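A quick write-up on the structure given underneath.
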Amino acid sequence: MLKKDMNIADYDPELFKAIQNETLRQEEHIELIASENYTSPRVMEAQGSQLTNKYAEGYPGKRYYGGCEYVDVVETLAIERAKELFSATYANVQPHSGSQANSAVYMALLKPGDTVLGMNLAHGGHLTHGSPVNFSGKLYNIIPYGIDESGKIDYDEMERLAVEHKPKMMIGGFSAYSGIVDWAKMREIADKIGAYLFVDMAHVAGLIAAGVYPNPVPHAHVVTSTTHKTLAGPRGGVILSAADDEDLYKKLNSAVFPGGQGGPLMHVIAGKAVAFKEALEPEFKVYQQQVVNNAKAMVEVFLERGYKIVSGGTSNHLMLVDLIGRDLTGKEADAALGSANITVNKNSVPNDPRSPFVTSGVRIGTPAITRRGFKEAESKELTGWICDILDDANNPAVIERVKGQVLALCARFPVYG
């Protein structure tokens, strides 16, 4: 028999300890991985609800199982809020992840072997935009575009490649690009060759929702996103469109279910509904503007300390520190900073001579620290500590000093106060 007082601590202390340790790690480490964030207790409450028990294959009003009247309400709330948030006329909130949302778009719009123009992973793209190790690179003919010497997307090259190869689909979006993307220009190029424009806005969805980064939804045929990252919701995906094309919407729905998934995760969809409501609040706009302000403040200190930033700055939530020419790899920088309770990720940079497992760069993002309450002053102070370690990565005394400073700062700004 199930009882309400059942708990993990009594039943599975080994697992409980791991959960507690992760909670402590999050409180005592400064999180600078650009794709990570802290979701609200309301989102976690939704994910821990009895909605997890309900199978709901299909879509609201068209389910394959009975007893779906209340999960229909939940999913409809999520759909309508997503549409309002991004000025869309269509939303599918069922994808379990951003990658599965992307997979559904490929399935809906393309046939295996079709040509796709996507951003080079080494220049800031994403695995699902055509990497040879990903389904996208294995099933489709991928033509990569990249950035120019200034670190900005090369639209002239993009147009030349599009005209030459005539892809059926062009992909906008990135995982490590700090500039503003000209969605209108991309649509102009796509229209010139009769291609679909698909935008993966996963990294900047929160900024877009808040109006501090251009919205691709009015320009693209279809847009996907994760619901975590800057959006600060549960881990999951969403597909959006404002194309006013019912045939396209049907293809997208069919590609998600039954094409790629079975039953939706209703407890996660409830979490998405909560997160979308939170993103519609005025304070969310203040938060996202601060995310950008903090990123710019960090770049300022890196440049003052003599570090190179790919593209020379940032217009969003992330920056890529280029370590080419320094006696320090991205992997070594990642490890040294981690020893001081500062979490980043090694990342390839343009023209990187090192392997993707070693790299010559570090990717840094500000969504999580801003969620804790950091402003420009704390962001600059933190960047100084990072530079201290990068300047002397093999010095245990420097690492220990910075670790102490990090712990004190974390105590001042708890994740969940």
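Here the Cβ of each residue, glycine as well, is placed from N, Cα and C on the backbone.
Summarising the annotation, Swiss-Prot assigns (6S)-5,6,7,8-tetrahydrofolate binding site to L121, G125, H126, L127, S355, P356, F357. The N6-(pyridoxal phosphate)lysine annotation in Swiss-Prot covers K229. Residues or ranges marked as site 'Plays an important role in substrate specificity' in Swiss-Prot (evidence: sequence analysis): H228.
Positions of Swiss-Prot features highlighted on the structure.
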residue	record	DSSP (3 states)
L121	(6S)-5,6,7,8-tetrahydrofolate binding site	helix
H126	(6S)-5,6,7,8-tetrahydrofolate binding site	coil
H228	site 'Plays an important role in substrate specificity'	coil
S355	(6S)-5,6,7,8-tetrahydrofolate binding site	coil
* Do you know offhand how many angstrom separate H126 ((6S)-5,6,7,8-tetrahydrofolate binding site) and K229 (N6-(pyridoxal phosphate)lysine) by C-alpha? -> 14
* For L127 ((6S)-5,6,7,8-tetrahydrofolate binding site) and K229 (N6-(pyridoxal phosphate)lysine), determine the Cα separation and express it in whole Å. => 16
* the residue listed as 'N6-(pyridoxal phosphate)lysine' and F357 ((6S)-5,6,7,8-tetrahydrofolate binding site), Cα-Cα, nearest whole angstrom -> 23
* How many angstrom lie between the most widely spaced Cα atoms of the (6S)-5,6,7,8-tetrahydrofolate binders L121, G125, H126, L127, S355, P356, F357? -> 17
* **Top Cα neighbour of H228 (site 'Plays an important role in substrate specificity') in the set of binding-site residues G125, S355, P356** => G125
* Structure fact -> Candidates H126, H228, K229 (recorded positions); min other-Cβ count within 10 Å returns H126
* Asked: Between the binding-site residues L121, G125, S355, P356, which lies closest to K229 (N6-(pyridoxal phosphate)lysine), Cα to Cα?
  -> G125
* Cβ neighbour count within 10 Å of S355 ((6S)-5,6,7,8-tetrahydrofolate binding site) -> 11
